[in-house]
Amino acid sequence: MEHFPIFLDTKGQHIVLSGGGEAAEAKLRLLMKTEARITVFAVAPSATIEGWAAEDRITLRTRQITSGDADDAVLVYAADEDDALDARTKQIGRAGGALVNIVDNLHDSQFITPAIVDRDPVTVAIGTEGAAPVLARSIKAELEARLPASLGVLARIGKRFRHAAEALPFGRARRDFWRDYYDHAGPRAIREGEAAVEPALHELLDTHLNTKARPGHVAFTGAGPGDPELLTLKARRALDEADVVIHDRLVSPQILELARREAILVDVGKIGFGPSTAQEDINRLIVEHASTGAQVVRLKGGDATVFGRLDEEIDAVEDAGIAWSIVPGITSASAAVAAIGQSLTKRGRNASVRLLTGHDMKGFADHDWRSLARPGEVAAIYMGKASSRFVQGRLLMHGADGATPITLVENASRPDQRIVASRLESLPQDLTEAGMNGPVLIFFGLAPRAVETSQITDIAQEFA
Ligand code: SAH
């Protein structure tokens with residue numbers, strides 16, 4: 001992030017702009033929304049700008065800006081659309097100690113003006129650091145459509161009510177009240193007119209003062225394989241409402257970003273306990289947080305019900321008398337099979353698919369190798385990197401064909417996703433050679449679509 005967004009207090013401040021054409025007009029339209037004093041320097045101002053001056057919305061000086069003109073300014077805009085003039089304005093602005101923006105010249109500007117969605121006092125600023133103005137515009141359009149026009153009014157009335165709302169205890173109770181106001185009571189009231197909003201707030205406050213605090217709850221939530229777009233809407237909502245998010249190492253940072261800003265994030269893949277945090281410690285942590293009344297999201301990679309040690313955690317939560325639910329997620333096998341363009345099951349090939357783990361708590365995991373070794377069988381092997389030699393040995397011993405296709409999918413659905421086609425006979429060597437450091441899903445009995453199984457290749461994710 002090269003440009004850091006802040007909101008500048010413009011009340012009583014002076015903003016200076018040099019320029020009288022279209023670029024100047026566009027900036028002035030935005031600046032006139034602020035509470036700043038605005039002075040415009042233009043030798044030949046447009047009629048529109050003259051009109052604004054006549055309405056006293058700006059002060060117009062029909063001459064070039066000169067040194068000293070910007071000495072008390074906080075911001076200076078160089079909007080003459082002329083390199084030499086703009087450079088001069090910049091110099092004058094800098095000498096006066098102001099921050100300077102040269103319109104449409106990111107490189108020489110000290111700050112940039114974002115695209116703005118205005119629901120005053122709610123303001124959304126969108127910036128792309130000049131990389132994609134088109135994108136900024138389309139995000140703006142989306143937000144304009146999504147945020148009701150009444151939002152500003154609701155926020156303004158809400159702001160006046162903040163003091164009264166302090167009757168509710170700080171934290172969750174107050175947050176629930178405001179959420180209820182902005183999501184439900186406020187929009188409902190404003191349909192009857194602005195005057196109905198304040199009475200509705202009083203009524204809502206009474207209701208909230210008389211309701212018992214929400215009890216603690218644990219949502220065992222699947223975060224999916226990594227791509228934030230593969231998160232379910234339900235998981236997003238749970239993250240949005242969470243007081244505490246207890247997550248594994250596999251959960252990607254982009255997904256954690258979606259948690260409420262005030263939420264406590266606990267990484268049980270790391271904290272003090274080492275790579276394999278003792279399960280009891282995790283259980284205790286979940287129960288401790290939920291017992292305080294917190295809405296806890298226990299966030300696990302993929303789907304929480306697949307090799308997630310979920311039942312142990314549910315038992316602990318249930319023993320403590322805490323309510324819980326499961327929010328399903330997309331398991332890595334689903335993401336990985338999509339990446340190689342295949343189906344997990346296929347008519348005439350396999351009518352069942354197995355989700356296996358390469359090892360369990362006791363070491364390498366044993367399975368019904370004989371039935372798996374039959375032609376056409378398909379298995380998705382989780383946590384199979386370290387046990388690949390063992391798995392290969394067992395399958396060959398039980399009669400599997402050494403030429404059975406194997407596909408390794410590393411970091412499925414993530415930007416660094418990698419696909420390697422292999423065969424049973426060369427699995428351990430191919431894995432070593434590929435040097436995969438991320439999580440790997442191993443498909444037994446599946447080759448990537450349209451790739452020779454004999455060659456080891458990285459293939460693109462898109463299929464023609
Ligand atoms: N609950 C998870 C699995 C947890 S076990 C799920 O449903 O996906 C951890 C194993 O999952 C890893 O060793 C790896 O085999 C697999 N895995 C998780 N995320 C993955 C990803 N993005 N790409 C490939 N494999 C992944």
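In case you wondered, yes, glycine gets a Cβ from its N, Cα and C as well.
For Asp248 (active site, proton acceptor), the same-chain residues lying six or more positions away in sequence with a CB closer than 8 A to its CB are Asp267, Val268, Gly269, Leu299, Lys300, Gly301. What TrEMBL records for Asp248 is active site, proton acceptor.
According to TrEMBL, the active site, proton donor annotation covers Lys270.
Taken from TrEMBL, the feature domain 'Sirohaem synthase dimerisation' applies to 150-195. Model confidence over the domain 'Sirohaem synthase dimerisation' (150-195) stands at 91, taken as the mean pLDDT rounded to a whole number.
Residues or ranges marked as domain 'Tetrapyrrole methylase' by TrEMBL: 218-427.
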- Message: DSSP-wise, what's the residue breakdown of the domain 'Sirohaem synthase dimerisation' (150-195) into helix, strand and coil?
- Response: 36 helix, 0 strand, 10 coil
